[in-house]
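In what follows, a structure is listed as structure tokens, so that the remarks can point back to it.
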């Protein structure tokens, strides 16, 4: 019989090592899954984790790590603030889309004018777009006590419809021969989120992601606002007693996560994606939830988790083209990772004891 | 009736880091009221949980009327005839009385028949109860009746009562004792758990005393002095708190016309409360649990805000201010619930020191936390209040109840409050820690602070209060000088018997 | 625009069909939440049920076998959630999200070979005379059997919760798990069974979409119905009959907007398509005033410490 015994003190060692254990177990389970799909599990795991970093074409894939990791980290940092406080924004995908629409829209409004002010305006517009979209569940929660999980999620579907609408209407490229989608921002110098250092994948969005990691670390560990966020998540009643204003906290956490998701969307639309199109949303907003948990809601953890998750995306694409591994298999793989992590979390706070059945 | 009903021999149960019961043995006779006496943490609850089948002993045996008894789950214990009234009620607020009773029975009859039975039994024992009422709307005394009726309907051989009087007024206690005596006269054995000595002397035939998980003695309470029992229970002679000369100053806290709607669905509404507290004075507020204590503390700490002039500190309106603004003005508070309200369980003691200390101890600058200063403050609390812990980096939940309570009270006292509001300052705390906490409150008052002490422990209130008042259904009684109040007067201030009927003990044996 | 193309009888008949997956998933989740567990994985369990049921129907040729398989798939997936939340004591919100993310991926993987295939049809029932009645016939007596099962399920859940012993125990567990444990009820067992029931209902709801309502398989075809089902439970204040009412309301809105799209109304298609989600938000806002009815232990982790 297995018994759980609560630890007096959460184990720090295990808190740090469970994500790694979860990755290893996921590799094993994922290998079994790939084997079941008729693929060589060792080759598949190798392709996903080794090929992008050290393979023949690593020079091409390595920059992709930052390109894919940047938005994931940026969004996950924002989400982690709310998750820590028990405020569940799961509609980051919608905020990401709205940030992209607003940011790209602001840039296209100036087309074809060239000015150094255009890109900063786009950044502001992108952040604002995501912020506004996140303020809807925030205000509804504050005013009416409406569940932010469901509202933020419903708004993802609304944002997807808006994306379709502007791709076919408002932002449609007038010279696009009737194809849906906006002008290509990569061809509009003032609005292009270009690589900052050629060949690294480093663009403005990645830089913002790194800054967000540092700011969030300082906030959570050095600042009273970060303390209040943690306190609210750990013991809401104690937070009230400590004088934390829950309304302001909800507005701050949801607003910040929305703005960061919006920024991620804007940088994606003006950089790697290049345009607003119907299939612009690729699920970064949802994957970022996994990233946030995998990183244990800790800024540095999120940085590493974001890069790891980017690796599985890139590796998954390689496995898809080289081995015919279905794209969905990678999605399952990522889902498994979150499962194992949540299950292993138990070890941090509990000791598992194996007792002989029938004692007593 | 004679003979042994339940014989307990060598029961041992260990939890990580603590042996809750260490080879405990005693017998309960048929038809006797047997007291299980001990301090908080002496292992009384664990012992009864083993009898009730909720916890399995590590070793030792029990014998029920000569046969081996080892209930694997409460169902089995109930089938043998064990029934239990819990200290923290095992009731469901959103369900009605009949549904609550049905949940405690193996084979409940149809709801309509059950309702009839509840009416009949509750009246026979002088504990009238409407089966259709929602339990969340009942008073603490009525809720206890639900538990008792639930037990009585199963015709128990052994009724276990865990600290039953902690939620009753003195008048209600009298009614309960009549009911228990009637049960005893019908041949039911009662295992009565308490740390209140006078009660045990009145009610019980035999007493077993537990200390730190061990059986340290047995006695016949009627023939033993309360002092002797206390010394057995505590293990050494206790220091009674000393109070300095009484001199009171200006009015520090002035509450007038305080009314407040509850924030939780089954909370209590505060109704037009008036009182004042002067510098150097301790106002003791009694009352049965759930009569507005939590709500009053929230209204004074600033967790709930009201009209500005409903609460005044040194003549300043503060009713509309939040907790931190009030801390700035010197009004501090320590809520009843240690884990989750007064302290965050998974956070370190340093972080918990910051929780209320940031304003008066100046622990932030421009919003950035001075962790070195906070650690120093936490260490100061640990040192001054003798908090037993390996270090201030430990999580709050790793401390024992008494140590955490000392930390919580110490954290406020060391911020030199001008007004301090505490709720149940020694609840669930061992006698030594309780004595030191009371002493610190007396010292603080002697230093010129005004103190409001909300408590359900009347002995504690009589010991430290200058004046006494009681909360009853969200209303405040008159405030009277504590010295010279009789237990009857106190009981009436607490709401008397709350309209409860006295058991008709001489009536027929039809129940 | 030609609004006269909208036939009210067909509209009502088809809104009942549109409401059924929502109804099934929501009534399952209602039971789960009444036991004190918040499972945000409804969407994931639905989509896995949709493909599971679809695949088994196609392979076996029997839609009934498919429906049973869908329930098994939903319940099987819910066991993962049950393990995480009841045994590994993981956060319910995070675990539910994980279930949905995992379920969406798994369904896409399972559905690789089934895109564009037509499943074996599950016929509508036909009662002589009654089904042929004008107006009443097609509305009340001309549907597939699952639709009636859905309504019967609501009635059954209502009766069990209100009148039976097991319903009382379930409510007690959801209301105060510590007290239920103290009285000797196995909180974990009750909750695991409730979670599995919820999973089976969600799976059946998903299969209803892929086998009856659409009927074909496309990736992500549940399109948020699982999430709307969660909202519906709040809307219904955890009461079974109000789930039925709410499901038909949402079904009606959905069918109406589809009809308006078909009728070529002057509102862009995208705005019509987002209307069910916006209305869900509006309803949530209106209902969030009434918080008192939520089971008191909802979402809290239970661990019998002593």
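Sequential numbering from 1, following the chain as shown.
Using N, Cα and C of the backbone, Cβ positions are placed for all residues, glycine too.
What TrEMBL lists as transmembrane segment is A:12-37 (among others). Note on the transmembrane segment (A:12-37): residues 44-45, 49, 294-296, 301, 305, 308, 325-326, 329, 332-333, 336-337, 340-341, 344-345, 347-348 of its chain, located 6 or more positions outside it, place their CB under 8 angstroms from a CB of the stretch.
Here TrEMBL flags A:65-83 (among others) as transmembrane segment.
Per TrEMBL, the feature transmembrane segment maps to A:95-111 (among others).
Here TrEMBL flags A:117-140 (among others) as transmembrane segment.
Residues annotated as transmembrane segment in TrEMBL: A:149-171 (among others). A Cβ distance under 8 Å defines the sequence-distant neighbours of the transmembrane segment (A:149-171), meaning residues of its chain 6+ beyond its ends; these are 88-95, 97-98, 100-101, 104-105, 108, 133-134, 136-137, 140-141, 180-182, 254, 276-278, 280-281, 285.
Beyond the transmembrane segment (A:202-220), the same-chain residues lying 6 or more positions past its ends with a Cβ under 8 Å from any Cβ of the stretch are 63, 66-67, 69-71, 73-74, 77-78, 80-81, 84, 119, 123, 193-196, 226, 229-230, 260, 263-264, 266-268, 271-272, 298-300, 302-303, 306. What TrEMBL lists as transmembrane segment is A:202-220 (among others).
Per TrEMBL, the feature transmembrane segment maps to A:249-267 (among others).
Look at TrEMBL and you will find A:273-294 (among others) tagged as transmembrane segment.
Under 8 Å from some Cβ of the transmembrane segment (A:301-319) lie the Cβ atoms of residues 19, 23, 39, 44, 47-49, 51-53, 55, 61, 64-70, 72-73, 76-77, 80, 209-210, 213, 287-288, 290-292, 294-295, 325, 327, 329-330, 333-334, all in the same chain and six or more residues away from its ends. Feature annotation from TrEMBL assigns transmembrane segment to A:301-319 (among others).
The annotation transmembrane segment is assigned in TrEMBL to A:325-347 (among others). Within the chain carrying the transmembrane segment (A:325-347), a Cβ under 8 angstroms from the stretch's Cβ atoms is held by residues 4, 11, 14, 18-19, 21-23, 25-26, 29-30, 33-34, 37, 39, 44, 47-48, 287, 289-290, 293-294, 309, 312-313, 315-317, 319, all 6 or more beyond its ends.
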Original post:
Short question: which residues 6 or more past the ends of the transmembrane segment (A:65-83) have a Cβ under 8 Å from it?
Top reply: 52-53, 89, 92, 96, 200-203, 205-206, 208-210, 212-213, 216, 219-220, 229, 233, 252-254, 256-261, 263-265, 267-268, 271-272, 284-285, 287-289, 291-293, 295, 297-299, 302-303, 305-307, 309-311, 313-314
